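Shown next, in structure tokens, is the structure this report addresses.
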Amino acid sequence: MGHAQSTSRHNGRAGAANGVEPPLPSRFSRFRSRLRLRRHRGRDRCGAAGDSSESGKGVAADEFAGIARIRIVKADLRFKDKFFACLSLGERTYRTETSDSTHRPVWNSEKKVVIETNGPHIARISVFETNRFSKNTLVGYCEVDLFDLLTKDLEEEHAEDLALLDPSSSITTMGTISVSCYIEDPVETEQSFARRVLAIVDYNEDGKLSLSEFSDLMKAFGNGLAVNKIEELFRQADTNGDGIVDMDELAALLADQQEKEPIISNCPVCGESLGKYDKINDMIHMTLCFDEGTGNQIMTGGFLTDKQAAYGWMFKLSEWANFSSYDVGLRSGSTASHILVFDRRTKRLVEEAIDGKIVLSMRALYQSKVGLTLIDSGVKDILKNLSEKQGKKMNSPESAKDIPKFLELFAGQINMDETKDPIESFKTFNEFFIRQLKPSARPIAQIDDGSIATCAADCRLMAYSSVDESTRFWIKGRKFSIEGLLGADAHHNAFKNGSLVIFRLAPQDYHRFHVPVSGTVEKFVEIPGCLYTVNPIAVNSKYCNVFTENKRVISIISTSEFGKVAFVAIGATMVGSIAFVKKEGDYVHKGEEFGYFSFGGSTVICVFEKDAIQFDADLLANSERSLETLVEVGTTLGVSKRNRGLKVSELQKCSIE
């Protein structure tokens with residue numbers, strides 16, 4: 001934000017022995033201190049948005065690190081076209097205008113965001129080639145750790161040149177983009193905001209306010225008490241008694257009064273009532289709401305993902321025609337033409353792409369009574385036969401030609417640099433689909449600590465402490481139960497009222513699943529069934545029971561830390577094959593490969609005994625919002641409640657790191 005550090009004539013701080021005011025610590029030393037003290041502490045609330053004023057949440061004063069001004073300056077691209085850029089942080093995305101120039105677009109667009117010491121700090125910048133008629137094309141992206149940029153002590157004008165990566169390969173660059181990031185801490189926020197607001201009534205622009213100008217300002221703030229005390233407040237601000245109050249004097253008064261008896265009752269920009277939270281949140285709200293007056297273009301907000309920001313008018317028309325809602329939660333997952341999930345690593349919303357024609361067919365089949373009639377009259381057999389035929393096709397040598405098309409469809413969501421074998425080595429599509437990853441690609445959290453469970457797959461995850469919670473927030477099928485899921489041969493009384501976690505794998509995911517806990521494999525139980533899709537459109541349907549009717553294989557793992565754990569691998573449409581690489585009697589270590597699914601989407605459900613596991617707080621918080629969390633194999637899932645030596649806060653620390 002670039003304002004010099006202000007000093008107040010009556011800020012209440014004691015002077016040094018010689019009467020000289022001791023200097024404040026530098027802005028960056030204060031910022032680094034906040035990060036050092038709190039960055040790695042476990043949080044009580046998870047999934048906070050990057051812009052708290054827009055998310056409707058207050059910012060805890062001890063977590064507020066400052067307000068950052070992020071500016072996307074320009075790009076240097078291989079292509080010659082018009083472009084725009086999107087900035088995503090937390091659950092908000094902002095978009096620049098389309099560049100007037102080609103090849104080297106210049107935007108100079110900026111956005112202010114709240115930085116919390118334990119909040120989202122990995123920003124994604126995506127550059128799109130424009131297309132007025134349909135979706136625009138993603139041509140490059142980069143991820144920026146704002147903490148790294150903000151602690152470099154750079155000047156406001158300095159811009160970092162960052163490599164724009166190819167969406168299909170993280171080692172191929174498509175050009176560069178220039179980005180600057182500048183932090184304003186709470187001291188600067190109070191002072192600089194006050195000066196900008198008070199400048200509204202500085203009619204002659206001399207940097208000073210007369211009594212009449214000051215009076216207009218008090219009236220504009222909408223505070224009747226302040227209006228009745230205008231002359232008193234003016235004298236209080238006019239510390240040198242010259243009858244004129246300069247900006248620093250009024251800024252100090254405003255900061256002092258806001259602490260004792262607030263002068264501003266309503267935001268001068270949007271009119272919203274203040275005082276919902278505390279002083280710092282009022283200041284954050286007004287700072288973000290107020291036009292900074294920098295002369296730079298302010299990025300457009302209100303988007304949840306960069307894909308939403310990139311959609312053209314044809315998408316908006318289709319949304320209107322289908323009465324869909326672009327939002328998080330159950331409604332988005334069951335009726336809309338897209339699924340929003342929360343990326344645990346970046347703390348950002350991302351969109352799962354689904355072909356529009358497939359969405360329409362799934363709605364017709366799973367979200368209506370007509371679809372129920374079709375299911376009961378033979379669609380189950382059709383889905384099974386279709387999956388078997390597709391499975392044979394994907395095992396044929398001819399199917400290898402579909403691999404490049406698949407990678408193009410899911411550009412940016414499949415990282416081939418992590419794959420163990422080169423793409424040329426796959427002779428069929430299924431060989432590619434069940435590809436293995438390099439050993440270093442998925443490190444296992446706390447690998448030697450058996451009391452910490454880890455995620456079983458690269459997937460979208462929902463975690464619930466009880467079956468009742470899962471049916472209230474997510475599973476809407478008729479009469480879902482643990483007994484129905486496991487079947488008579490695998491069900492055990494210990495699982496009654498147990499906890500469960502759902503790992504949903506999409507086609508673009510790594511399709512090998514891993515053991516979440518260490519223990520002995522007691523047995524495998526195979527249950528035949530149909531092959532419904534595991535897409536949320538079907539899972540959220542009240543007309544069918546996806547998890548209790550689909551083909552599945554249940555394994556029971558006996559552990560010392562969690563008791564018995566049921567590991568349920570569930571087949572789905574286009575997934576007729578479930579393979580395990582372990583056998584009964586094997587001792588398995590958490591993180592080891594357990595098996596794989598052939599082509600298609602699929603699901604793993606793990607059932608824990610009652611009160612055996614405390615799931616990570618962020619996973620539970622997202623699940624209560626009916627929001628799936630995007631996770632990777634080996635990241636933390638939860639901690640054993642039977643091991644009291646490890647505090648839940650330590651587990652939360654692991655999940656954050």
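The backbone N, Cα and C atoms fix where each Cβ goes, glycine too.
Unlike curated entries, TrEMBL annotations are predicted automatically.
Residues 1-27 are the range that TrEMBL records as region 'Disordered', among 1-27, 379-405. Residues of the domain 'EF-hand' (225-260) grouped by DSSP class, helix first, strand second and coil last, total 26 helix, 2 strand, 8 coil. Cβ neighbour count for Ser602 (active site, schiff-base intermediate with substrate): 32 (other Cβ atoms within 10 Å of its Cβ, all protein chains included).
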